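Each remark here refers to the structure printed beneath this line.
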Amino acid sequence: MTTVQLRPPKNRVSPRAVWLWTVTDAIEGAVTVGGITLTAWAVDTARWGWLPDWLVDRIWWVPVAVACYSVVKLVVAPRWRYRVYRWEVTADVVYTRKGWISRTWQLVPITRLQTVDHTQGWLERLFDLATVEIQTASHAGSSTIKGLPEAQARQLSEELAARAGQLRSDAT
Amino acid sequence: MNAEHEPQPDQAGADLPEPDGSRPESAAPRLAAEAERRLSPLTVVTTAIQHGRSAGLPVLVALFAGDFNPWVLGGTVLVGVLLVVAGIVRYWTVRYQIIGERLEIRSGLISRSRRAIPLERIRGVNVTSTLLHRIFGLAVVRIDAAAGGALQQEEAKLDAIATAEAEQLRVELLRRHSLLVEHEAAEAEEPAAETEAAPAESAEVTYFRMPWRWYLYAVLSPAYLLTPFAVLAALFGFFNQFIDAEVIGAYVIGQADTIWGIVTSRSGLLLLTLVGVVAAILVAMPLFAVVSYMINQWQFTLHRRGEALVTERGLFTRHSVTLEYRRIHGYELHDTLVQRPWALGRLSAIVTGLGGSTSRSALLPLGPRAEVERIVAQALRPFHGKLVAHPAAARSRRLFRAVVPPLLLAGCAAALGWFWVAGGLLAVAVLGVPLGMDRYRSLGHGYDGEQVSVRSGSLARVQATVARSAIIGWRWRQSVFQRRAGLATMKATVGAGSGGYDAIDVDFADSVAFAHAVTPELLAPFLAASAAGAADQAADTSGQEGDRSGGAGA
């Protein structure tokens, strides 16, 4: 039995994106662990009666577990995400695949593009990377390509905007 | 003060923003400028009353509390005068005029503003009149227009003009708008928007006028059935503002012995009262539902005017919503668990530029499904295809998701020693079995060559049908659990309605083939045909070196 399948998009993002994601995840993880540690500390000092004793006694396991998870995720997720993350722009379609544990495939026809944005956050600037945001009339149909080298992102967004202008129909 | 927008200084009328300046002016159809018009003089009265309504209660309170002393009396008179002046200023300063391809609205006394709305950007013109407006024979015209991208939206309001004039303005705006749009479409040599064969411009066809029987379906409409409770809650909140709860609490505690005496000696009477109250609520519920439903949906009509569908409804406030066919990309059929045994359904349009506004996109009130489908066949385009059921793995997933979370919570509650809660959650988990089965039965997707239809939900079920040409992309999402079962959730993205419609838990490979059948030009470049057995359908679309290496480690 022959079935058709989606092949992955052709291009990968910049390998520097791995480090960008590592730093982003590290910040995010630090904030989460900090928040949970605070909560654990509150539980430990207040020792509310409505919480069972076995939980209160072992409350410090929670931040430790979360910290371990964060570290493992920090090592695994960016690399894994880099392997999954692909993009491709053909004459008519922008095709992306992203995610790590869960994955998303997205097809956006260039005729339906409304705006093409090129953005660069402060962290991205540190790594000389940029994001291309593609918006259609539908919020769910809008897409982003993250972790492109700055120059490439700029070129791509200009190219897409120009082509969308040529092909543009009603866009809804 | 009239039009709800940022005041935009009138720079001698020289540099009015013309977002579509690129289109050659000469090629456009010639449209004459109309005379400048004003709001109705009666606006003075309605404006004063509208503004006065919010000030009324405080002023009355101040009058009574202040024992009608001259200061308060003088202040009240001053407020009255100011209200009338505000009305006069609005009447005096607001002018509107259709000039060629745009509608201009001027307003403001000191900071004058002038606003131009290009007619081709108009998405809808709605005429509403509240009870107050109807007493004076007036109506409010609201003009929805696209601003910038299609995601932005602006609204201009003319409050208020004579009803006949409002109707005339609406017809004229939409006429010019459709002329411009058709012209542009012809210029671009695009296929016209896929609606049925257009009848004569002025033709008005009535598809639906609400029969008496339909008001009774309010009883099966949860939102209306719960109104008595909403009313009670509102009343309670209202009285709460005047009554000090602590005082009452103190009084009750003070009289505790007496109350206890009554409870013990007259328990029969008390029980009787309680039963009476419950019975009254039970009777009141459907009664209230029908009455409030009547007020909202009174004489609901759906008709076609030119290239647009128009709905009208309401007893006190008459809402009229115009939805152009060009903006209607499909429709949704809603029903709930309670309505399904009676084969009832509710119809709404999938419209560009309304966002999630459910009340304005409503095409039909709750009614018999067969009748709704008959009207769909007349006013829109019926879906001829069959909905394909989703794979058996989808059933396990629906069941799992309906049963396991309450079961886990029940376990937690039991561990904490909250046995009552645990019992309740256990009951929910048991009910999850039929719920999950029903959710699976609801799942389906289909394509009839022109329209795509997807269905999901159980307690509230929706079947969305969207024209092929309205689909502006596809998205697949796959979680780890879905990957193991070879499933994915496919979303057809649409620049209207909620932005996209999901086919939940479809077979990934099948859904790619499905999308390919709908929009071959979109999918074709990215397909890789592979001779694959059933075992290999498990979502490994990459077929490349390292892509999946991490997947097993999850």
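Each Cβ is built from the backbone N, Cα and C atoms, and glycine gets one as well.
So that you can see what the record holds, here are the features copied from TrEMBL:
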type	residues	note
DOMAIN	B:91-170	domain 'YdbS-like PH'
DOMAIN	B:300-376	domain 'YdbS-like PH'
DOMAIN	B:447-509	domain 'YdbS-like PH'
REGION	B:1-32	region 'Disordered'
TRANSMEM	B:71-92	transmembrane segment
TRANSMEM	B:214-239	transmembrane segment
TRANSMEM	B:269-295	transmembrane segment
TRANSMEM	B:407-433	transmembrane segment
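With DSSP states grouped into helix (H, G, I), strand (E, B) and coil, the domain 'YdbS-like PH' (B:91-170) comes out at 19 helix, 44 strand, 17 coil. In terms of DSSP secondary structure, the domain 'YdbS-like PH' (B:447-509) contains 11 helix, 39 strand, 13 coil. With helix defined as DSSP H, G or I and strand as E or B, the domain 'YdbS-like PH' (B:300-376) counts 14 helix, 42 strand, 21 coil.
Along the domain 'YdbS-like PH' (B:91-170), the predicted structure has mean pLDDT 79. Long-range Cβ contacts of the transmembrane segment (B:214-239) within its own chain (Cβ-Cβ under 8 Å, at least 6 residues beyond either end) map to 281, 284-286, 288-290, 292-294, 297, 300, 336, 338-339, 342, 344, 365-367.
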